[in-house]
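Q: Quick paste from TrEMBL:
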TRANSMEM  6-27  transmembrane segment
TRANSMEM  39-62  transmembrane segment
TRANSMEM  82-104  transmembrane segment
TRANSMEM  116-137  transmembrane segment
TRANSMEM  143-163  transmembrane segment
TRANSMEM  221-238  transmembrane segment
TRANSMEM  258-278  transmembrane segment
TRANSMEM  299-327  transmembrane segment
TRANSMEM  333-355  transmembrane segment
TRANSMEM  367-387  transmembrane segment
TRANSMEM  399-420  transmembrane segment
Amino acid sequence: MLHTIASILSNPAIILGIIAAVGLIALRKSTSDIIKGTLKTVFGFIMLQQGSNIIVNALVPFSTMFTEAFGLKGIVAEDNSLVAAVQVVLGKETALILLFSFLINLVIARITKWKYIFLTGHMMFSFAGTMAIVFNLMGFSSVNTIILGSIIQGISMVLFPAISQPFVRKVTGNNHVAFGFWGSSWISLSGYIGGLVGNKEKSSEDVKVPKSLDFLKDMSILMGIVMVIIYIVTSLFVDHATMQKITSGQSAIQFSIMNALTFVVGILVLLQGVRMFLGEIVPAFKGVGEKIVPGAKPALDVPIFFSFAPIAVTLGFLSALVGSLIVTFISSLLPVVVLPSVIGLFFMGGAAGVFGNSTGGRRGAIVAGFVLGLSWSLLIAITYPLINLEGYGIEGLWFASPDAIIVAVIIRLVGMLFGIH
């Protein structure tokens, strides 16, 4: 029963479909509208997820190519794989923290002015696993781990969306949705810094080009050309034998072109899913809010912001990659070598680009992405010694989500003050 509930809470498509149905029923919509609204919400979110999967699958070989091309070795920031690896020993704690933190989130949203309901299932799972790991490392009992982890996560599920909401309003132009992602504060801060050096009137989406290059104004075409160049150039630095393993015998050029274009297809699928999903969930959520949590705002995953400035996503990703590489190349000065996590840099750097564009235009998008890539990698390198995962048999992976890292580090430092290591 417990694992069934945890499984449902970890599947945002199901949660959001249920919320859409409840909201539409509360609004007294017709049976036809309820069915259409519910299914379109689920369809849209599944499209978003599948778009994300296509992007990730296209980035995995690129990440391998990149690492091999420059002979990099170190740790990679990747939450979900890390948390999944400890479920054999901390599965019960993770599931219960996830469940109780969601209930605490609902209570806080009901009785306070912070009406944010965190609905990003895989983020809830990864944070719950992070809490289980941190308290377990500090020697807390299973019961105390669940109690403390649930309270801290429940508060965080309201706190971090509240911190980022002023910046979300700048991006969306309204107050209908919030940011349910454990990097929202870092992305918002990067966007703020981008605004200090840019001009929001000069949007990345309004770039002027000669008539002969008018095709570059189409986001998908521009992104396709840029990504093909990046993939091919990277492949040229990988030795032939290694490249043959990565491509399973295909031509390196063909493999690079197809993966780059597949990446863009993933973006297009994701954006279409976002449009369909938001078109249904926002009105339905008002129905939920009126009955359960008046004024409730759904805190949703990072890709929902990509459709507001698609070109800024590319600018933010590329500049974040540059920022992260700088940290990798100065790693001799740091406790650990942090390899560029291409997937994390795409989603967080892309979002930083969107937020930076909303505050500082195209220059803001570039600066925000760069700041995010640089500061995120530095955060991981500096805090790495505080949480040792070798006891769980984990090597080469570490926590990725900046907000969760901040919370985990605070817990560790407070514990040290009281002699708990």
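Backbone N, Cα and C define each Cβ position, glycine as well.
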Q: Could you pull out which residues elsewhere in the chain have a CB under 8 Å from any CB of the transmembrane segment (82-104), counting only those six or more residues past its ends?
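A: Distal contacts: 2-3, 5-6, 9-10, 118, 124-133, 136, 142, 145-146, 149-151, 153-155, 157, 389, 392-394, 397-400.
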Q: So, taking each listed stretch (39-62, 258-278, 333-355) in turn and counting its Cβ pairs to the transmembrane segment (221-238) that are under 8 angstroms, which one gives the highest count?
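A: Stretch with the highest Cβ contact count: 258-278.
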Q: With contact taken as 3 or more Cβ pairs under 8 angstroms (pairs 6 or more apart in sequence), are the transmembrane segment (116-137) and the transmembrane segment (299-327) in contact?
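A: Yes, since the transmembrane segment (116-137) and the transmembrane segment (299-327) share at least 3 Cβ pairs closer than 8 Å, they count as touching.
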Q: Taking contact to mean three or more C-beta pairs under 8 angstroms, with sequence separation of 6 or more, is the transmembrane segment (143-163) in contact with the transmembrane segment (367-387)?
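A: Result for the transmembrane segment (143-163) with the transmembrane segment (367-387) is no.
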Q: Are there residues at least 6 beyond the ends of the transmembrane segment (258-278) whose Cβ is under 8 Å from a Cβ of it, and what are they?
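A: Residues packing against the transmembrane segment (258-278) from afar: 16, 40-41, 43-55, 57-59, 61-62, 177, 220, 223-224, 227-228, 230-232, 303-304, 306-307, 310, 313.
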Q: Counting only residues 6 or more past its boundaries, what in the same chain has a CB within less than 8 Å of a CB in the transmembrane segment (39-62)?
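A: Contacts of the transmembrane segment (39-62) (Cβ under 8 Å, skipping residues fewer than 6 from its ends): 12-14, 16-17, 19-20, 230-231, 234, 246-247, 255, 259-260, 262-263, 265-281, 284, 301, 303-304, 342-343, 346.
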